[in-house]
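One structure is given here, and the rest of the page talks about it.
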Amino acid sequence: MATSLKNLSQHTQENVTDISDKKFALVVAEWNDEITSSLYSGAVETLLRYGAKKENIYRKNVPGSFELTLGAQWLAKLDEIDAVICLGCVIQGETRHFDFICDAVANGITQVGLKYDKPVIFGVLTPDNQQQALDRAGGKHGNKGDEAAITAIKMLGF
Ligand code: DLZ
């Protein structure tokens, strides 16, 4: 991604980035499928609302959130893809599995974004329980998938 001073001075809150020719890859974890499907729907609706074309939105499923990093890498390395959005839900349990997975995916997708110099967005819920997850996947606290899509759009404006 090329950032120039011209881009910076033109980027204002009112001036929403034109994403009509941008290609988005969404990597979706199959664990907690009910939640991640809602995140996916929210992200896609938001991308379409802001002007993305349906045919420019790609989906790749991975088994769990731990695999989001590798899935993101497979897609980020494709020149045609402008931004990658990772969607998952890791529910806090009684074991340290939660910390291992969350740390790994947060660090992993950060590295992928830096390596390929393009937005790789962390759209992973890390709730204490199923209800909190539902509240953030189209429930009373909004939809983390929408937020992830908006973050990708904002990053493409730089
Ligand atoms: C193993 C596991 C557990 C316990 N919990 C979750 C979870 O809440 N959310 C999620 O996305 N994935 C979970 N996984 C699966 C791991 O992400 C991963 O798929 C496996 O450890 C295999 O690498």
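The backbone N, Cα and C atoms fix where each Cβ goes, and this holds for glycine too.
The active site, proton donor annotation in TrEMBL covers His97. The 5-amino-6-(D-ribitylamino)uracil binding site annotation in TrEMBL covers Trp31, Ser65, Phe66, Glu67, Cys89, Val90, Ile91, Phe122. According to TrEMBL, the feature (2S)-2-hydroxy-3-oxobutyl phosphate binding site maps to Glu94, Thr95, Arg136.
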Pairwise C-alpha maximum, in angstrom, for the residues (Trp31, Ser65, Phe66, Glu67, Cys89, Val90, Ile91, Phe122) that bind 5-amino-6-(D-ribitylamino)uracil according to the record: 16
Rounded inter-Cα distance in Å - Arg136 ((2S)-2-hydroxy-3-oxobutyl phosphate binding site), Glu67 (5-amino-6-(D-ribitylamino)uracil binding site): 22
DSSP three-state assignment (helix, strand or coil) for Thr95 ((2S)-2-hydroxy-3-oxobutyl phosphate binding site): coil
Between the residue listed as 'active site, proton donor' and Phe66 (5-amino-6-(D-ribitylamino)uracil binding site): CA-CA distance (Å): 10
Rounded inter-Cα distance in Å - Ser65 (5-amino-6-(D-ribitylamino)uracil binding site), His97 (active site, proton donor): 11
Under 8 Å by Cβ from Phe122 (5-amino-6-(D-ribitylamino)uracil binding site), same chain, sequence gap 6 or more: Cys86, Val105, Ala106, Ile109, Thr110, Ala148
